[in-house]
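To start, the structure under review is shown below, and the notes come after it.
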Amino acid sequence: MEKLNIAGGDPLNGTVHISGAKNSAVALIPATILADSTVTLEGLPHISDILTLRDLLREIGGNVHFEKGEMVVDPAPMISMPLPNGKVKQLRASYYLMGAMLGRFKKAVIGLPGGCHLGPRPIDQHIKGFEALGAEVTNEQGAIYLRAEELKGARIYLDVVSVGATINIMLAAVLAKGRTVIENAAKEPEIIDVATLLTSMGAKIKGAGTDVIRIEGVESLHGCRHSIIPDRIEAGTFMIAAASMGQEVLIDNVIPTHLESLIAKLREMGVRIEESSEQILMVGGQKELKPVDLKTLVYPGFPTDLQQPMTSLLTKANGTSVVTDTIYSARFKHIDELRRMGASMKVEGRSAIITGPAPLQGAKVKASDLRAGACLVVAGLMAEGVTEITGLEHLDRGYSQLEEKLTKLGATVWREKLTDQEIEQLQNS
């Protein structure tokens, strides 16, 4: 086990290159199961979730080669077999294997998914979609069993706007007989990315990126080459870090339209931002940041994944800010850790109330989930003294080469192995 140390107070300068989108990659890789020949995915981030998916595809018989961000998958030899809880449990997005395997093999057995613990993140909308397409879904001994004689297109209305359910139903429907219509579909850029891959493989999909997606089932899908979109959440995290400690930071390989809600809020705080087609320039040196209120919403609203890093930045603002998370109410475990660093904030229901400016001090803190880890990294960059962050298994699931990228910008960041005594203290905490 390791900890990440950050000696705070260094100004950030330079260029950071953004990796491929994690939330896209974890759906694109299962989608390759649906093809009958080789699929090449370019620009994948080097994170633990991708390595787990690579191993899972190999377990069901796929030939998978992954290096330097390029994954080549030959799905032809794959067979339908139960996927055990072990690896599946490490991965929230393992549920995409359900839609892909159901689509190709008409059956699947998947251990219940793991990932970050963010309160109720049920998969009932996924199951509703699979059942509408003609599958029988049962939960037996902690695994989901899916079986279908054949899949037939259907009209499916999602009761809750869900990225996971929208993508999973798309995966199951592209090879189904007839037309599928997904109503109240999610509109995230990652959904458009998955639809682009499936279309390149021969699927017939219209309306991805709107709230109604129409799919005409086809007989088979073939291989192709696909380049992933940049990670808007990684880009947003670096933008927030640059707003907190930046002099001049260029965010490279980014689609600014994917981050309009964040750009608007940072400008409201007084941060200077310049955009071009694939880059965002953050210009620092603001004497004072203004407080803002923000509410997370489904895309194109403010992303729940950037709510936590944003709370760190708001400790610098001169006044009171209110952050409300309408997506995941349990996403405030980072508040106690920030208070340990000297932040003045409290949680009331689904909102965090932050009073600033509150200078942060380095402390020993623990990341409870992926984006809480990002929030503590931003706080560590701002704090006086050294911050020690544990729970790095969460950070490594979502941020590719984090220390290298921060070091290149001028931060003082390094990893250390935990001592036996520190491991014992962690396990008892």
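Using the three backbone atoms N, Cα and C, a Cβ is placed for every residue, glycine included.
Features of the protein shown, as given by Swiss-Prot:
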- Cys116: active site, proton donor (ACT_SITE)
- Lys22, Asn23: phosphoenolpyruvate binding site (BINDING)
- Arg92, Arg121, Pro122, Ile123, Asp124, Gln125, Asp305, Ile327: UDP-N-acetyl-alpha-D-glucosamine binding site (BINDING)
- Cys116: 2-(S-cysteinyl)pyruvic acid O-phosphothioketal (MOD_RES)
Rounded Cα separation (Å) that holds between Asn23 (phosphoenolpyruvate binding site) and Pro122 (UDP-N-acetyl-alpha-D-glucosamine binding site): 17
Rounded distance in angstrom between the Cα atoms of Ile327 (UDP-N-acetyl-alpha-D-glucosamine binding site) and Lys22 (phosphoenolpyruvate binding site): 19
Between Lys22 (phosphoenolpyruvate binding site) and Gln125 (UDP-N-acetyl-alpha-D-glucosamine binding site): CA-CA distance (Å): 22
